Structures are given as structure tokens and as C-alpha cells.
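First, the structure itself, so that you have it in front of you.
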Amino acid sequence: MTVRKRAAVPVPARPAPPEPNPTPKPEDQPIAGAKWGVIVGCWLAIAVPYIYTILYHYKIEWELKKSILINAVVSLLGFVLTLALIPVASKYVLRRNLFGYDINKKGTPQGSVKVPESLGIVVGIVFLVSAILFQFANIPADSNWLVEYNAALASICFMILLGFVDDVLDIPWRVKLLLPSVAALPLLMAYAGHTTIIIPKPLVQYFGENIDLGWIYKLYMGLLAVFCTNAINIHAGINGLEVGQTVVIACAILAHNIMQIGGSKDPEYQQAHAFSIYLVQPLIATSLALFSFNWNPSSVFVGDTFTYFAGMTMAVVGILGHFSETLLIFFTPQVLNFLASLPQLAGIIYCPRHRLPRFDPQSGLLTGTKDGTLVNIFLRLFGRRSERLLCILLLVFQAICCCFCFYLRYILTGWYK
């Protein structure tokens, strides 16, 4: 009798148990939230003197005051929108591998974290939307300033685009120097204001009361744009410094504009400073939102997009408000940093890619190197410091220089001009 073998019935394989805690991708991990202590402190320091000077100290015409306050409300909405969009945009830039590592935390767990880069693009976009919405709601279509205002926005938009291109393509330094001059072209071509300069009183007997510079004045405006954008860009390297210096300078510009409006009866002069305010208030508000994420320890990096955008905006504000001399004094730390950096930027002395201080992971302190930057000079002068304390020292120095500018204007009033 033949014995048949029964075919073996395959036993279905058991599915592998799911991993208990699958590790999320870096781009899916939420970034650290905004630092609300920084937000509240900054807003109180800005809002209290602002409200007092606008509403009580200076007698400003109601229509002009109303426009400034409407712009402030639009700027506040821009702040809220920027605060909401930065965490969202961070996920997208991480997916496109736009991230960096915090070199000043190398050797610590924070030094190995991927930090989203180029978040200045969010600030720039919200700034433009705020400025355009304010223009639509408050600036009449027949305003004499509308052409220059739109040209200023075009230059800022152009600079945001070029800054983002730089973040993506990593453009060489020599090309970076030319980018602001290209972005400033819309404003220079549309500029229809005066090209004369007032001669200081001690020199009036030699040159007269004023000199018309013509095309030389426009060349000067272009060079001012180049300096402001690159000055913010090279005075950097520690968490919070790029945005912090922007906020301090922008607040000084705002205070200067309010004082000039309150102390003048000339409608055209007041309007020039008012249009400067219309651009600087959204800059302060959107930058403060970014500052709350960029303050040490930074959860996002601002990128060249922000530094170019901030520098161009402040240059445009100084040009429209006709106070470029005052603006340069506000930029005193940036001027000193540029002069200290000049031998390296010119190739006379070796210039490394990152001119940053040395970080000691054991103590958590930074040590100054021989590189010619204000960051390293401060560390050599005051000794080793933590990154946060160093940033505070540099921002305090920025504020002192701005206050010195106001004092200088006060003592020279009636004598210099």
C-alpha cells in the first residue's frame, strides 16, 4: 500500500511588533517655542516710552498721529503672524536641508542639533505684507510719496530675494558686496527728492549754505545701502546678535523720527519722517518675533536673508527720512567692526570662513581669537564670557552708541547746522 505524504500547510508569519517609540525625523520634531520672557521684556521697554512720546509728550497733528498709530496696529498684527509662521516654516526648511549647527556649542548635546536656517524669509514676507496693507488702507493714491514708498518696498523685496539666494547657493564674498547695489536700483531710479546737502555753519563762509551734489548724492545713497546691509551681516556670529542689533538701531530710528516730527512745523519735513516710521515700525515688530526664537539658546538661525533685509530696510528708512548722517552714528559699532575686519576682508591678513571665538565645552565660555571682529575684541578686552552675556554686552554697547548720537545732536544743534 502506497503511503501519501500530506502537503505541509504554511503557517502565516506573525507580523513584527511595532517599535515602541519610533524616532521622529528631525523635520517633524517641533522647535523650541518662543521665549516669552524676552518678548514681554522687549515690548515693555519699547511700548512704554513710545506711548508716552506719541500720545502725551509731543503735540502731533491728529491725522498724522492717527496714521502712525494705525501703522503700529498693523505692525502688531505682523508680530503675531510672524510668531505663528516661524515654527511652520522651520519644518519646511529642514525638509529642504536648510539647516546649520551651532558652532559655539560644539562638543555639547546642543551642538549636534540641526537648527533651521534662513528664517529671515518669514520676517521679510510678513514685513512686506504689513507695509502693503498699510499702504492700501492709509496712503492716498495721489500722494507725492507713493512712488518713492513703492520703490523702497521694491528694493527691500529685491534684497530679500537676493539674501535667500545667498543662503541657498552660498555666494562668494566679493559677489555679496555687489548685491545691495543691485537691490538699491529701484529706489535710486525713483528718488525724486533733493540732492543738496546743508553745509555746517563753520564752513558756510567757504562753501555757501548748501551744495547740490546731483548724481554724486545718488551714488552716496547706493554706497550707504551697500554698507548697511553688509555691516549687519558681518557683525554676527552669536545667538541673538543680528536681530538684537537690528531692534536696537530700529528703535533709535523710531525715536529720532518721533522727535523730529514733534519738534517741527514743516509739513513736508514731518511727512518724510512719518514715511520713515511707516517702514521702521513693521521692522521692529517682525524682528522682535524672530528675536524670541533666535535668543540664546537659538532654535532658529536668521540667515543672510534677514541681515540683508534688515540692513536694506534701515538704509531705505534713512534715505527717505533724510537723516543718513544720524543713521551712520547709530551704526557706530558696525563701523568699528568693519574697520577691524578690513585687513582680513581685503586679503591682507588670512581670513577664515568663520571668524568666531573659541568655545570651551567644559566651562561653556567663549574665548576671543585674533580675528578682527567686535565679538572677539570684546572677549579680549573683558575676558571669557558666556554667549548670552557677550550678546548682552554687545547690545548694551549698541544702545549706548545710539544714546550718544542723540546727545551729540543735542549739543551740536544750532552750531553745526
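Including glycine, each Cβ sits where the backbone N, Cα and C put it.
So TrEMBL lists these for the protein:
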COMPBIAS  12-24  compositional bias 'Pro residues'
REGION    1-27  region 'Disordered'
TRANSMEM  36-56  transmembrane segment
TRANSMEM  68-89  transmembrane segment
TRANSMEM  119-139  transmembrane segment
TRANSMEM  146-165  transmembrane segment
TRANSMEM  177-199  transmembrane segment
TRANSMEM  219-238  transmembrane segment
TRANSMEM  244-263  transmembrane segment
TRANSMEM  275-295  transmembrane segment
TRANSMEM  307-331  transmembrane segment
TRANSMEM  389-412  transmembrane segment
Six or more residues out from either end of the transmembrane segment (146-165), which same-chain residues have a Cβ under 8 Å from its Cβ atoms?
118, 120-121, 124-125, 127-128, 131-132, 135, 139-140, 171, 179-180, 182-187, 189-193, 225, 229, 275, 278-279, 303-309, 311-313, 316, 319-320
With Cβ-Cβ distances below 8 Å as the criterion, list the same-chain residues six or more beyond the ends of the transmembrane segment (307-331) that contact it, or say none.
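Same-chain contacts beyond the flanks: 120, 123-124, 127, 148-149, 152, 155-156, 159-160, 162-163, 166, 179-180, 183-184, 187, 191, 193-194, 220-221, 224-225, 227-233, 236, 242-243, 246, 249-250, 252-253, 256-257, 260, 272-273, 275-276, 279-280, 283, 287, 401-402, 404-405, 408-409.
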Hey, which of 36-56, 177-199, 244-263, 275-295 has the most Cβ-Cβ pairs under 8 Å against the transmembrane segment (219-238)?
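Most Cβ pairs under 8 Å with the transmembrane segment (219-238) come from 177-199.
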Among 36-56, 68-89, 244-263, 389-412, point out the range having the most Cβ pairs under 8 angstroms from the transmembrane segment (275-295).
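Answer is 68-89, with the largest number of Cβ pairs below 8 Å.
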When you scan the chain for residues with a C-beta under 8 Å from the transmembrane segment (389-412), skipping those not six or more beyond its ends, what do you find?
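Distant Cβ neighbours of the transmembrane segment (389-412) are 238-241, 244-245, 248-249, 251-252, 255-256, 296, 326, 329-330, 332-333, 366, 374-375, 378-379, 382.
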Within the same chain, where does the transmembrane segment (36-56) have neighbours whose Cβ lies under 8 angstroms from its own Cβ atoms, ignoring anything closer than 6 residues to its ends? I mean 6 or more beyond.
65, 68-69, 72, 247, 251, 254-255, 258-259, 262, 284, 288, 291-292, 295
